[in-house]
Amino acid sequence: MNAPALSPARRTKKLPPLRVGIGGPVGSGKTTLLEMLCKAMRERYDLVAITNDIYTKEDQRLLTVAGALPEERIMGVETGGCPHTAIREDASINLEAVDRMLSRFPDADIVFIESGGDNLAATFSPELSDLTIYVIDVAGGEKIPRKGGPGITKSDLLVINKTDLAPLVGANLDVMASDTKKMRGERPYVMTNLKALDGVADVVAFIEKKGLLTV
């Protein structure tokens with residue numbers, strides 16, 4: 001995990017851009033995670049980001065205001081319908097957005113794609129995403145991991161966010177961790193408090209390792 005990262009130029013010549021899909025229910029912390037990842041990785045990698053909302057471009061605006069990346073490197077997509085359709089059954093609107101961003105920034109190392117808020121059944125099309133990160137939050141209760149669904153059981157990385165709220169909602173983090181291991185087997189997970197940056201480095205390390213960004 002501590003190996004030096006490839007420079008953007010070296011990776012661009014060797015491999016196509018890594019596409020990282022970030023999904024999860026409304027309010028779980030997807031946009032916050034994307035913001036923190038951009039801020040943590042933008043000095044080492046050439047990044048672009050695509051956000052999905054049903055009728056607005058609110059997440060694009062939030063990332064721009066937060067200074068996650070320069071405005072021109074963040075594209076908002078209005079899906080106009082069910083969020084999971086735009087990332088799975090008919091991902092054409094997002095595939096087109098990826099192509100447009102890469103035509104503007106052909107040296108990009110990573111394309112982040114944030115889905116609109118959806119249920120536990122949402123997954124990314126393999127045509128759209130090389131790695132998938134699924135975000136749930138403690139505020140939903142400690143039962144969430146054992147509810148299952150493809151996002152929890154099949155994502156490359158599960159992020160359990162808002163650990164600081166556990167005492168307030170009566171959630172037992174040890175129970176959540178145990179249930180997560182039962183549901184995911186050997187697939188990794190990270191517990192985070194993104195507002196305090198807790199766990200962000202672990203997510204970055206996962207992306208670098210699984211995305212072949214380290215040597």
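The backbone N, Cα and C atoms fix where each Cβ goes, glycine too.
The shown structure was predicted, so the numbers you read here are calculated from the model rather than taken from an experiment.
Sequence annotations record features per position, and here Swiss-Prot assigns GTP binding site to GLY24, PRO25, VAL26, GLY27, SER28, GLY29, LYS30, THR31.
Positions of Swiss-Prot features highlighted on the structure.
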| residue | record | Cβ contacts under 8 Å, 6 or more apart |
| --- | --- | --- |
| GLY24 | GTP binding site | LYS30, SER115, GLY117, ASP118, TYR134, VAL135, ILE136, GLY151, VAL159 |
| PRO25 | GTP binding site | GLY117, ASP118, ASN119, LEU120, VAL135, ILE136, ASP137, GLY140 |
| VAL26 | GTP binding site | GLY117, ASP118 |
| GLY27 | GTP binding site | GLY117, ASP137, ALA139 |
| SER28 | GTP binding site | GLY117, VAL135, ILE136, ASP137, GLY140, ASN161 |
| GLY29 | GTP binding site | VAL135, ASP137, VAL159, ASN161, LYS162, THR192, LEU194 |
| THR31 | GTP binding site | THR51, ASP59, LEU62, LEU63, GLU114 |
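Of all Cβ atoms in the protein chains displayed, 28 besides its own lie within 10 Å of the Cβ of LYS30 (GTP binding site).
Of the chain residues outside the GTP site list GLY24, PRO25, VAL26, GLY27, SER28, GLY29, LYS30, THR31, GLY117, VAL135, ASP137, ASN161 have their Cβ within 8 Å of the site's Cβ mean position.
Mapped onto three states, the DSSP output places THR31 (GTP binding site) in helix.
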